[in-house]
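Take a look at the structure below.
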Amino acid sequence: MPLRPALHLRTGKLRQTPTHNEPDGWAGQPLSAAAAHRGVCPMSDVMTANRRSFLAEDGKETIVRTDDLVRDFDLGHRPEGGRLVLRAVDKVSLTIRRGETLGLVGESGSGKSTIGRMLVGLLPYTSGNIELFGQKIEPRAKAAAWKPLRRRVQFVFQDPHAALNPRMRVGTAIAEPLDVAGNLTRKERSARVDELMELVGLPTSFARRFPHEFSGGQRQRIVIARALALNPEILVCDEAVASLDVSMQAQIVNLLKDLQDQLGLSHLFIAHDLAVVRAVSHRVAVLYAGQIVETGPRTALYSDPLHPYSRALLDSVPRARRGAPRSIIAGEVPSLLNKPKGCAFCPRCPKAMDICRDVPPPLRVIGDREVACHLY
């Protein structure tokens, strides 16, 4: 079976009737008949009233919700006494709806990966609330509480080389979740591995090979196949294409889009590359110093960002046109051990006012978006 041909990030109108899972303006190619034939059926407290209605007004089922989510890291004793606590995630409220991709962007150290790890139970949260499929997860929930949710929420790591055991054949690695679940015979497990490898565009004969025999893009396909083994409903993709070159990034992004259309998946897509997030997301949340500063539909946020930090992020992206203006965000991200009293972006903001220095801005609903800024 030949390797899946190289794909390009798709632009332009390629079909007249986009699927309900597509981002605004996205026009992807339909799946092949073979891909459609082998598809796996998808598996079927502090918030203001106006914000709650905003989150639910589109009618889609919300399958992930966080309210005022906080994660603190205890760094030990202060020299002057007391505990030294780093707040990596500060009162983050997000939703992910069935069949959509939420892009989570921000600079390094903004808390993106920490949020993703809390949503799959790799890290406990300190305070706030996490609800998955309507079930509340306690801050330090035991493994038994997570067990019925494990197969429904899976994680795709940034470095596929580190995510795979170098001494384990890839077929065995893909089958590992099936072994843990323990509900398939050996023949059924082998058939499922073959199905998963075909699903991500790899020949089934590769199952006997070891990870070092594959390229970075092929290894990431293997990691995705393993994540799909138990028919999850949500994939948390933590910088899933950051370690790949541009051509491989395009292939993996298109693979994730195809899988979403075919299996009805929801994605939390964590990245710092704004171009990739724009290609794959339906909605985008912008994170700064552990706090959400703006969320909204992808098209609206990219065309007219409301928060000064969102604007600065987009303006800092290099453009291919010669002589195109490019602005660089002045200053550095504040230390999470000593954040400003008011708005965390205030020391770097060109539109800062006196109130910004003293009063943290609440997250306000502005049309179909939310923004934390005193300008609104």
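A Cβ is built for glycine as well, from the same backbone N, Cα and C atoms used for every other residue.
If you check Swiss-Prot, you get these features:
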type: BINDING; residues: G106, E107, S108, G109, S110, G111, K112, S113; note: ATP binding site
type: DOMAIN; residues: 64-314; note: domain 'ABC transporter'
type: REGION; residues: 1-25; note: region 'Disordered'
Request  = Compute the mean position of the Cβ atoms of G106, E107, S108, G109, S110, G111, K112, S113, which form the recorded ATP site, and then list in sequence order the other residues of that chain whose Cβ is within 8 Å of it.
outcome  = H272, L287
Query = Near G109 (ATP binding site), which residues of its own chain have a C-beta under 8 A away, given they sit six or more steps off in sequence?
reply = V333, L336
Query = Non-local Cβ contacts of E107 (ATP binding site) (under 8 Å, 6 or more apart, same chain)?
reply = H272, Y288, V333
Remark   = Excluding its own, the Cβ atoms lying within 10 Å of the Cβ of G111 (ATP binding site) add up to 24
Note = Comparing local Cβ density (other Cβ atoms within 10 Å) for the binding-site residues S108, S110, S113 points to S110
Note = In chain order, residues whose C-beta lies under 8 angstroms from the C-beta of G106 (ATP binding site), counting only those at least six residues away in the same chain, are K112, H272, V286, L287, Y288
Task = Let me know the model's mean pLDDT on the domain 'ABC transporter' (64-314).
result = 93
